[in-house]
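In TrEMBL this protein carries:
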type	residues	note
TRANSMEM	12-32	transmembrane segment
TRANSMEM	52-74	transmembrane segment
TRANSMEM	81-98	transmembrane segment
TRANSMEM	104-130	transmembrane segment
TRANSMEM	142-162	transmembrane segment
TRANSMEM	205-227	transmembrane segment
TRANSMEM	248-275	transmembrane segment
TRANSMEM	322-340	transmembrane segment
TRANSMEM	346-366	transmembrane segment
TRANSMEM	378-398	transmembrane segment
TRANSMEM	404-427	transmembrane segment
COMPBIAS	436-446	compositional bias 'Basic and acidic residues'
REGION	436-470	region 'Disordered'
COMPBIAS	458-470	compositional bias 'Acidic residues'
REGION	491-539	region 'Disordered'
Amino acid sequence: GGGRCGGAGAALRWCITGALCAAFLGLGMSIAVLGPTFPNLAANVGKNVSDIYYIFVGRSLGYLGGSVIGGVLFDCMNASLLLALSMVATTVGLYGIPWCKDSLLLTVLMSVIGGSMGILDTGGNVLVLNTWGAEAGPHMQALHFSFAAGAFLAPILAKMALGGSESEERPVAEKTNHSVLKSVPTASAASATPALQDHLEEDFLWSYVVIGTYLLLVSLFLFVLYSKGSSARDKSKTSLQKGKLAKYHCALIGLLFIFFFFYVGAEVTYGSYVFTYAMVFAEMKESEAAALNSVFWGAFAACRGVAIFGAAFLYPGTMITLSLAASAVSSSALAFFAHFRASLWVGSAVYGASMATVFPSGISWIEQYTLVEGKSASLFVIGAALGEMCIPGVVGYLQGRFHHIPVVMYTAFVSSVMTAVLFPVMYKLATSPHENDLKEVSDSETQKALLSNSRLTEDEEDEDDEEDVREWNEADFEVIEKDDKLKNSLIDTSHKIPGDSPAQVALQPHPDNISGDSPVVAGGSPGKQNRNVDWEKSD
């Protein structure tokens, strides 16, 4: 029975991990599908591409709000139920986007999708920690690898959906897309070619419907897990409550917030601007610049896949240290030696690989030293989201002001330096012992000292007892030897005087009576003399 229960528990944990990886695959597709279909969304609401930039702001704000709300709700309700509901909300938003004809409503739907994705990102990380505990490293890496795989698949899916219309109406479509990118009102283009507009709408609709249906199926599986393993959350929460906060818990959470701010901001900034850098500063062709961008993201995704197996053999702190070292070296090469083509290609690949494992390893690392609950995980996600929003915007502004300076490369270098400085500080704070721990250590040392002293005292007492016993034994042997000598002397004396009677022998002067006293004259009866002799012999 115990074996069956243990097997069922292990199967449930693997099912939870599989469902989370499938959910993060859909999360990556939901985020990445917006890029290839952005011109179609603009045409669908009758706006220019430059006029609907606020849908990104709406999604980012929703993501931040979802992270905060998810952090609070995750500590109050079942994790599987919360994640299933968030994925249902994402499905509703994805189903509604293709039929949305109003830009304001489109922004609201994007905010809903962003909020549900923030809940999923926060809850998924904490649920993996709760499910696997100290063994969460490989599963955390698999979770974020699934996200990268989803982001890789979404553009392919969108291209497949839009491929038919591009092949059939390529001349008109190219003209229309060119008009969109040049901020010509798409409504006029759409009215000029209504058949093409309907065809494009139908094609890009399918990419959202396919992703939404996929997420709906995953949410159904999470509902099944909720019905089957409703007590898993309670057990994991109880085990977490037994944990102990680090001495500098708040400082650790705050520093990791800043750490993820710089890390994610640098990752998104380099991935977004390396194409432009290659075209402007390296003077590459468009195909070469696209290949360089693919090298960065390909190394990023491949290293996350390899990290699933590496996390089974390496500690999270070791993986972070190796990643930060590789990031520092590669960003230095990109910042100061990017004018060499080989340095640019190799540096981009190494930089992408070094960025792959930092976020999942950071969450696994902090869980070893302090309690990670929903609110703490939400701060990590918020820091990453703020870095994704702020740093690319600042870099774009500075690059527009200083055209001759490769701001993106220097940003990568500065971010690597910041993360390399922050991690040793966090490690020092994480390993600082509690006052209670110091007291327990001192108490244990005192107990050990008292035990050792008591043992020494007992040993000394045992040694004293053994010496006393030996002295008493020696004294007993000496007394016995003296008694034997006295008996032998009396017997020998009685044998040396054969002519005397026993009574006369008894009347011989004792050696102790040589002080001049006269011997006692026997005047009594022979029986009395015999009794005296018998008494001496008995003595």
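For all residues, glycine too, the Cβ spot is worked out from N, Cα and C.
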With the cut-off at Cβ under 8 Å and a gap of six or more residues from its ends, the chain residues touching the transmembrane segment (81-98) are 20, 23, 26, 30, 41, 44, 66, 70, 73-74, 106, 109-110, 112-113, 115-117, 119-120, 123-124, 127, 201, 204-205, 208-209, 211-213, 215-216, 218-220, 222-223, 226
Count, for each of 52-74, 142-162, 205-227, 378-398, the Cβ pairs lying under 8 Å from the transmembrane segment (12-32), and report the range with the highest count. 142-162
Can you work out which residues elsewhere in the same chain, 6+ from the ends of the transmembrane segment (404-427), have a Cβ less than 8 Å from its Cβ atoms? 252, 255-256, 258-259, 262-263, 265-266, 269-270, 273-274, 276-277, 281, 317, 320-321, 324-325, 327-328, 331-332, 334-335, 338, 351, 358, 366, 391, 395, 398
In the same chain, which residue numbers or ranges, 6 or more beyond the ends of the transmembrane segment (346-366), come under 8 angstroms Cβ to Cβ? 125, 129, 136-137, 140-141, 143-144, 148, 252-253, 256, 259-260, 263-264, 266-267, 270, 274, 292, 295-304, 307, 310-311, 315-317, 319-320, 323-324, 326-327, 329-331, 333-334, 337-338, 372, 377, 380, 384, 412, 419, 426, 430
Looking only at the recorded stretches 52-74, 205-227, 378-398, which one has the largest tally of CB-CB distances under 8 Å to the transmembrane segment (248-275)? 378-398
Could you tell me whether the transmembrane segment (142-162) and the transmembrane segment (205-227) are in contact, taking contact to mean 3+ Cβ pairs under 8 Å with a sequence separation of 6 or more? yes
Can you name the far-off residues of the same chain, 6+ from the ends of the transmembrane segment (52-74), with a Cβ under 8 Å from a Cβ of it? 34, 41-42, 45, 82, 86, 103, 106-108, 110-123, 126, 373-379, 381-382, 385-386, 388-389
